[in-house]
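Asker: Pulled these from Swiss-Prot:
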COMPBIAS  1-10  compositional bias 'Polar residues'
COMPBIAS  30-39  compositional bias 'Polar residues'
COMPBIAS  355-368  compositional bias 'Polar residues'
COMPBIAS  377-389  compositional bias 'Pro residues'
REGION    1-39  region 'Disordered'
REGION    328-389  region 'Disordered'
TRANSMEM  55-77  transmembrane segment
TRANSMEM  88-113  transmembrane segment
TRANSMEM  125-146  transmembrane segment
TRANSMEM  168-186  transmembrane segment
TRANSMEM  210-232  transmembrane segment
TRANSMEM  259-284  transmembrane segment
TRANSMEM  298-318  transmembrane segment
Amino acid sequence: MALTPESPSSFPGLAATGSSVPEPPGGPNATLNSSWASPTEPSSLEDLVATGTIGTLLSAMGVVGVVGNAYTLVVTCRSLRAVASMYVYVVNLALADLLYLLSIPFIVATYVTKEWHFGDVGCRVLFGLDFLTMHASIFTLTVMSSERYAAVLRPLDTVQRPKGYRKLLALGTWLLALLLTLPVMLAMRLVRRGPKSLCLPAWGPRAHRAYLTLLFATSIAGPGLLIGLLYARLARAYRRSQRASFKRARRPGARALRLVLGIVLLFWACFLPFWLWQLLAQYHQAPLAPRTARIVNYLTTCLTYGNSCANPFLYTLLTRNYRDHLRGRVRGPGSGGGRGPVPSLQPRARFQRCSGRSLSSCSPQPTDSLVLAPAAPARPAPEGPRAPA
C-alpha cells in the first residue's frame with residue numbers, strides 16, 4: 001500500500017519484471033515502496049523464505065478478515081438495522097475493511113510471481129482502493145466518536161436530528177474519502193522501462209511529498225487530534241458525574257464508548273508506523289541496509305492489513321453490547337436477573353432522563369433509542385390514619 005521512495009536496488013516498488021534501473025533517491029521517477037512492490041532481484045533462499053512467509057501471513061489475514069467482516073455485515077444488518085443507530089457506522093467500517101482485504105490476492109500474486117499482471121488500470125484502482133478505504137474508516141470512526149460525545153454531553157440536541165441523517169453522514173465520509181483519493185487514482189500510471197514495469201505517479205517529487213503529507217494530516221493527525229479532544233472532554237464529564245451526589249449505575253453506553261475508543265486506538269497502532277515509515281523516506285533518507293528496509297516495509301504492510309483482520313472481533317463486541325442493551329430495555333426495570341435495574345424504553349418519550357445535576361451526568365446511550373422517560377408523577381399527599389372498621 002505504501003508510497004515511500006526507496007532505493008530501487010533494494011526493494012523496487014511496483015516492479016513487474018526485469019532488473020531495476022538506478023535512479024537518484026527522491027527523484028521524479030523514484031520507485032514506490034509499497035505493498036504492491038515485487039522484488040526483481042535474482043531469487044535466493046532468503047528471498048524465497050521471505051516471499052513464502054509474507055504470502056502465507058497475508059493470505060491467512062485475508063481469509064480471517066474477510067470471513068469476520070462478512071459475518072459482521074450479516075449480523076449487524078439482521079439484528080440491529082431497525083432498532084439501533086450504530087449499525088450504519090459498523091456496516092461502513094466492516095465494508096471498508098472488507099474492500100481493503102480483497103486487495104490481498106493481488107499483492108500475494110505480485111510477490112510470488114514477481115510480475116505485475118494488472119496493467120495500468122490495476123495501478124490506479126488498487127492504489128486508490130488502499131487510500132479510499134483507509135480514509136473511509138478513520139472518517140467513520142471520527143463521526144462515531146462525535147456522536148458518542150453528543151449523546152453524552154448534548155442529548156437534547158441529538159433527538160431533534162432527522163431519522164436518516166446518519167446515512168447521509170456515512171455517504172459524506174465516503175465521498176470525502178473519494179475526493180482525497182482521486183489525485184493518486186488520476187496520477188498513477190504503469191511505466192515500462194526496458195524489461196521492467198513500474199506503477200509511478202505522474203507528478204514530481206515535491207508534489208508527491210506534499211500529497212503524502214496531506215494524506216497523513218487527513219488520515220492520522222487531524223482525526224487523531226479531534227478524537228483525542230472529544231474523549232478528553234468525555235473523560236472529564238465522567239469524572240464530574242462520579243463526584244455527583246446521586247451516582248448512577250454504569251450503563252451499557254459506557255462500554256460502547258470504550259469499544260469505539262478501542263477501535264480507534266487499534267487503527268492508530270496499525271497505521272501510525274506505516275505513515276511514519278512513509279514520511280521518513282520523504283523528509284529524511286535513513287541509512288538503512290536494503291534487507292532492513294525490506295523487513296520494515298513487510299512489517300508495516302502487515303500491520304495495516306492486521307487492523308482490518310482484527311477489527312471484526314471489536315465490531316462483534318460492539319454489536320453484542322447493543323443487542324444486550326436493547327433486550328434489557330425490552331424487559332424493563334426489575335427484570336435484569338438480579339443485576340439491578342435496567343433502563344426501559346418509554347414509547348412516547350422524547351428526551352433522555354438525566355440525574356438532575358447537569359447534562360454531562362446523563363448516561364451515554366444510543367441517541368435514537370435513548371429516549372427520555374417521562375417525568376415521574378408527583379408524589380401523592382400522605383393520607384391520614386384510617387378509621388377502625
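Each residue, glycine too, has its Cβ placed from N, Cα and C.
Please situate the listed features within the shown structure.
Answerer: When Cβ-Cβ distances below 8 Å are used as the criterion, the transmembrane segment (88-113) is approached by residues 16, 35-39, 51, 54-55, 58-59, 61-62, 65-66, 69-70, 72-73, 76-77, 80, 122, 126, 129-130, 132-134, 136-137, 140-141, 143-144, 147, 166-167, 169-170, 173-174, 263, 305, 307-309, 311-312, 315, 318-319 of the same chain, each at least six residues removed from its ends.
Away from its own ends, the transmembrane segment (125-146) comes close to residues 1, 3, 34-36, 86, 89, 92-93, 96-97, 99-100, 103, 106, 118, 169-170, 173-174, 176-178, 180-182, 184-185, 188, 199, 215, 218-220, 223, 226-227, 230-231, 260-261, 263-264, 267, 271, 304 of its chain (Cβ-Cβ under 8 Å, at least six residues beyond either end).
Panel annotation: around the transmembrane segment (168-186), residues 3, 88-89, 91-92, 124-125, 127-128, 131-136, 139-140, 143, 201, 211, 214-215, 218 of the same chain, lying at least six beyond its termini, place a Cβ under 8 Å from a Cβ of the stretch.
Under 8 Å from some Cβ of the transmembrane segment (210-232) lie the Cβ atoms of residues 3, 131, 134-135, 138-139, 141-142, 145-146, 148-149, 180, 183-184, 201, 203, 261, 264, 268, 271-272, 275, 278-279, 282, all in the same chain and six or more residues away from its ends.
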Asker: Taking a Cβ cut-off under 8 Å, which residues six or more beyond the ends of the transmembrane segment (55-77) line up next to it in the same chain?
Answerer: 87, 90-91, 94-95, 97-98, 101-102, 104-105, 107-108, 111-112, 302, 305-306, 308-309, 311-313, 315-316, 319
